[in-house]
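*Asks:* According to TrEMBL, the protein has these features:
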- 114-141: coiled coil (COILED)
- 5-62: domain 'Homologous-pairing protein 2 winged helix' (DOMAIN)
- 146-201: domain 'Leucine zipper with capping helix' (DOMAIN)
């Protein structure tokens, strides 16, 4: 059986696309790659086999009996190719739109919305108004004159000095008692009911 017939029979039996290498491996008989390729070229020319290129690779399949001429089938194939190209262009356009919108969404993250900005603006205006009112209240109050301030300071220093003096006298008296007291200073204070500044959390230095 000639190589043309063997190749044609192989494609008819399997009824699906094959590359030239697959056909050479699948046909029965000792046919080289060159012989199989020549047989395929012959069958394509006779319009018994259809050739389709996918990149650098070509595949071959049997021509189905549809009652349509080869030129009609070729036109349909071209139409299908055009449709595929149009779909690819649309898909690419949609992908670009998706990429653009994704970037917009990403850029918008962390940015304040208009409603939030207006809300913050209203809060700031309210806080500003409250501060102005407080300033007006303070400015409307009568200020202390320098003479009165100096008088108060002098009286304060006088009472502070007197307080220190009385405190020193009291401690001298307690120390004198401690010389003949059998217990500690703490026990003495507890016995006579004296509270120190430390006991009540008082510090005279804060008023100096």
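Keep in mind that glycine also has a Cβ here, set from the backbone N, Cα and C atoms.
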*Asks:* What else in the chain is close to the coiled coil (114-141), if you only count residues 6 or more beyond its ends and a Cβ gap under 8 Å?
*Replies:* none
*Asks:* If you run through the domain 'Leucine zipper with capping helix' (146-201) with DSSP, how many residues end up as helix, strand and coil?
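*Replies:* Grouping H, G, I as helix and E, B as strand yields 45 helix, 0 strand, 11 coil.
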*Asks:* Could you put numbers on the helix, strand and coil content of the domain 'Homologous-pairing protein 2 winged helix' (5-62), residue by residue per DSSP?
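*Replies:* Helix, strand, coil within the domain 'Homologous-pairing protein 2 winged helix' (5-62): 30 helix, 14 strand, 14 coil.
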*Asks:* Would you mind giving the whole-number mean pLDDT across the domain 'Homologous-pairing protein 2 winged helix' (5-62)?
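*Replies:* Within the domain 'Homologous-pairing protein 2 winged helix' (5-62), the model's average pLDDT equals 89.
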